[in-house]
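What TrEMBL lists as active site, charge relay system is A:Lys79, A:Ser154. What TrEMBL lists as active site, acyl-ester intermediate is A:Ser178. If you look up TrEMBL, you'll see A:24-466 marked as domain 'Amidase'.
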Amino acid sequence: MKLYTKTAHELHDLLVRKEVSAIELVKTQAERMQALESKIRAFVTPTVDKALEQAARVDAKIAAGEAIGPLEGIPMAIKDNMCTDGVRTTCSSKILNKFVPPYDATVVTKLKEAGAVMMGKTNLDEFAMGSSTENSGFFATRNPWDTERVPGGSSGGSAASVAAGQAVFSLGSDTGGSIRQPAAFCGVVGLKPTYGAVSRFGLIAFASSLDQIGPFTRDVRDCAHVMNAIAGHDAKDSTSAPVDYPDYTSLLGKSIKGWRVGLPKEYFGDGMDPEVKEVIEKAVKTIESLGAEVAECSLPHTEYALPVYYLIAPAEASSNLARYDGVRYGYRSESADDLITMFKKTRAEGFGDEVKRRIMLGTYALSSGYYDAYYLKALKVRTLIKNDFDQAFEKFDCILSPTTPSVAFKFGDRTDNPLQMYLSDVFTLSVNLAGIPGLSINAGFAQGMPVGLQIIGKPFDEARLLQIAHAYEEATGCHSKMPDLGV
Amino acid sequence: MERDFDFEIVMGLEVHAELHTKSKIFCGCTTEFGGEQNTHVCPVCLGLPGVLPVLNRQVVDYAMKAGLALNCEIAEFSKFDRKNYFYPDLPKAYQISQYDLPIAKDGYIEIEAGGKKKRIGITRVHMEEDAGKLVHAGAANLAGADYSLADYNRTGVPLIEIVSEPDIRSIEEAIAYLEQMKAILEYTEVSDCKMEQGSLRCDANVSLRPWGQKEFGTKAELKNMNSFKALQRALEYEIERQAEILREGGKIVQETRMWDEAKGMTISLRSKEEAHDYRYFPDPDLVPIVISREWVDKVRQTLPELPQARRLRLVQSYGLPQYDADIIVGSKAMADYFDAACSAYGIAVAAGTEADSKGKERAKQISNYMMGELTRFLNATEKGFQDSPISLDNLVGLLRLLEEGTISTKIAKTVFEEMFATGKAAKTVVEEKGLVQISDEGAIAAVIREILAANPSVVADYKAGKEKAMGFLVGQAMKATKGKANPGLVNKLLKEELAKM
Ligand SMILES: [Zn+2]
């Protein structure tokens with residue numbers, strides 16, 4: 001019985017039936033983790049000892065005959081930009097290398113309450129800026145399907161750990177595609193929820209108005225379980241939505257007959273890898289065969305999403321990252337004689353190139369004299385992009401697109417050309433600008449690499465996105481394939 | 001300032017007031033002054049990675065209340081912005097403030113300076129968080145310090161910044177403006193206005209222009225004035241500094257200057273060229289504040305009687321002289337004490353009505369004691385009217401003894417001192433010390449006869465028309481009775497006895 005291939009809901013059944021103990025689960029998972037770390041390098045900080053303690057408590061509960069929740073005793077991993085009480089949280093940056101938060105992010109608190117067991121903190125592009133996890137301040141994570149290729153980013157560690165079977169599920173954060181793109185590259189389920197559906201408290205901010213935490217899982221049902229655990233209003237986050245949250249598993253298995261599905265013509269033009277296009281077209285046919293009506297739709301301001309994103313996200317980042325100044329915590333330059341030099345050197349030595357690039361972009365965009373021309377104008381176009389979606393959703397239940405224009409690329413392929421790298425998020429970032437949910441599932445394979453299908457929905461419509469994704473999964477079984485890592 | 005000065009002074013003031021909330025603006029930490037360094041802090045106000053601000057609604061209530069008291073329009077839609085700059089006392093490297101959509105704008109206050117009433121426009125009132133403070137070792141400021149430590153207890157304490165129009169034309173007006181502002185903020189109880197603790201601070205924009213010129217002159221911004229004395233001295237210095245430059249044909253440089261209390265001068269902090277670019281933008285961590293008219297009305301209902309209305313009432317209802325009313329209304333605690341004392345003395349009247357002449361007499365007595373003795377003792381013991389050791393009933397008790405003639409004005413002073421020291425009732429003090437005034441004519445007449453018999457030469461002087469002799473005799477009588485004789489009776493009986501001789 002290969003435990004590491006199983007989903008959370010399958011493992012839950014085994015735990016309940018006492019065919020496996022939580023301790024055993026953590027131990028096999030830890031072995032798998034250890035065995036693959038030299039190949040994959042998904043983890044910045046493993047927390048196996050703590051995980052064993054947590055698992056022991058779950059086993060005691062089972063032994064006492066108490067009922068356990070769907071995530072209780074399930075090994076998980078957390079992207080290292082979410083604060084964990086007493087466990088260092090680095091954002092994969094030299095500048096936060098030794099930062100140990102005295103508090104948990106709300107999602108971490110919620111998962112602890114749900115009984116999930118944390119195996120470790122996963123690698124990311126520094127401060128979540130990047131699309132390949134090559135920009136980590138520590139080391140690059142590799143794609144389990146082909147270790148010559150990137151796992152995507154910025155949540156590359158979280159995606160790779162699930163794909164490689166090092167964790168049953170994980171959390172990532174998505175500012176412009178940082179969950180969906182690595183989910184697509186690694187062939188797992190990745191959901192970027194509606195802005196405000198999951199608390200951002202304790203998520204180390206990149207771009208506050210775009211960031212959203214979401215799950216990586218092996219199948220859609222697990223994704224629904226994790227959403228049940230982490231979604232909800234949080235008084236510690238003013239932008240958290242005080243609405244009624246559904247049971248995300250409630251629509252799984254229900255037919256999608258009669259659904260109106262839109263294909264945005266702007267997403268199916270040039271620039272897409274033909275093999276990727278083929279897989280997506282086949283996936284659309286499958287959806288159609290399940291009873292949905294598919295038609296073309298239009299999102300006319302799509303071409304502006306990339307420039308708008310690269311004004312708004314860096315602007316917010318320049319402000320959010322200003323606090324890393326060497327005064328109170330984290331890295332401080334040793335070679336400064338006065339205050340201003342200390343600020344400058346700390347930041348020059350502590351941040352990597354991509355972070356610096358974006359800080360400079362954002363600082364420029366917010367400077368007096370440029371604010372109106374860049375930032376303010378970007379905010380206005382952002383509204384137009386959101387309106388595009390609102391209009392499309394008047395006619396359609398959801399929108400389908402590829403998650404990425406190509407499959408995972410090779411290391412170094414795009415690092416010399418930041419613009420080329422930015423284009424790998426071109427299908428995902430409109431969704432962040434509009435604040436709506438986007439789900440990526442494995443649609444099939446091209447060149448032996450997974451291809452992601454993106455399903456975009458109305459605000460707070462995650463349960464229905466999971467419904468259609470589940471229907472596709474049932475029909476194709478794509479999700480059950482795992483990479484062969486020889487261990 | 002008079003016209004004989006070479007230039008017309010143009011000033012606008014920015015007042016920072018700490019709001020009197022229990023907790024900070026974006027977290028639950030206490031706003032209490034002082035405390036061991038860095039004990040009133042949490043991850044949120046320290047801006048640790050990942051934490052988020054959550055707005056304290058009380059801050060909005062208070063800012064709105066201040067705005068209403070300053071006759072401002074309250075915004076229906078307001079938001080918070082980030083003001084970005086690096087400094088070690090600013091944990092997030094930005095201050096959460098308000099930029100283009102402040103909570104209140106377009107108001108005014110009435111001041112009185114040089115006997116003239118004047119309206120000073122209020123441009124805006126906005127909310128913001130305070131920064132921490134640096135403690136420099138071995139020097140007064142960063143330059144020259146061996147090392148500096150950061151104390152973040154103040155970080156996140158809610159402030160309002162009140163910006164005036166450039167309507168102020170003299171130092172006297174500036175002081176009157178700040179006094180009036182302080183009184184309004186105290187009356188509304190949105191701030192305790194303790195200048196010595198920094199809960200009320202003031203910056204000033206100062207420029208000069210030739211009389212008759214329409215355009216403003218180049219201004220300098222003066223920072224860091226935290227007392228009326230500092231404001232007065234800084235403005236005197238700065239106006240003279242600018243006037244001297246202009247008289248010599250020089251040009252004023254637009255810059256920010258700091259008032260250095262120790263040196264007694266303003267010092268340049270930074271010029272316009274190196275002025276900060278704060279890169280304001282809407283704070284994405286906080287949702288916009290939508291203010292319903294119901295909310296505004298609810299806050300409006302909590303507005304108290306403001307100083308101006310109160311001054312008018314004290315003059316109209318109690319017949320107080322303008323001078324008395326100004327002083328009493330100048331402090332809310334004093335005004336509250338006065339109203340309560342009137343009520344305790346049975347002379348409270350509703351607004352718009354007048355006390356009878358007896359009531360007015362009594363009110364004036366209360367005012368006299370408050371402005372004289374009580375203020376003197378309170379100042380000496382550094383107490384405020386709100387914690388006066390003389391209770392309202394005890395003050396009224398004393399005034400009643402005076403009115404009845406049980407004690408003399410002179411004895412009252414002794415009694416008052418004892419009451420202040422012990423908190424005892426006037427009657428108790430009088431009884432314990434045997435200070436009851438002697439109003440028994442027979443007893444006083446007997447004393448007088450003894451004195452006249454003992455001082456024949458003085459009596460002769462009096463008869464010869466020397467008025468001074470009378471004073472000596474009164475003094476002797478008071479001395480013989482240890483000051484307890486009713487002075488009126490002493491005078492009357494002395495004259496009668498002397499007439500008989
Ligand atoms: Zn706090």
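We count from 1, first residue shown onward.
The backbone N, Cα and C atoms fix where each Cβ goes, and this holds for glycine too.
Nobody curates TrEMBL annotations by hand; they come from automatic prediction.
When pLDDT values are averaged over the domain 'Amidase' (A:24-466), the model yields 96. All protein chains included, A:Ser178 (active site, acyl-ester intermediate) registers 38 other Cβ atoms within 10 Å of its own Cβ. Around the Cβ of A:Ser154 (active site, charge relay system), the same chain contributes A:Leu124, A:Asp125, A:Ala128, A:Met129, A:Gly130, A:Ser131, A:Thr133, A:Asn135, A:Gly172, A:Ser173, A:Thr175, A:Ser178, A:Pro182, each under 8 angstroms and 6 or more positions distant in sequence. In sequence order, A:Lys121, A:Thr122, A:Leu124, A:Ala128, A:Ser155, A:Gly157, A:Ser158, A:Ser170, A:Leu171, A:Gly172, A:Ser173 constitute the residues six or more apart from A:Lys79 (active site, charge relay system) in its chain with CB-CB distances below 8 Å. In three-state terms derived from DSSP, A:Ser178 (active site, acyl-ester intermediate) belongs to neither a helical nor a strand segment and is classed as coil. DSSP classifies A:Lys79 (active site, charge relay system) as strand under the three-state reduction.
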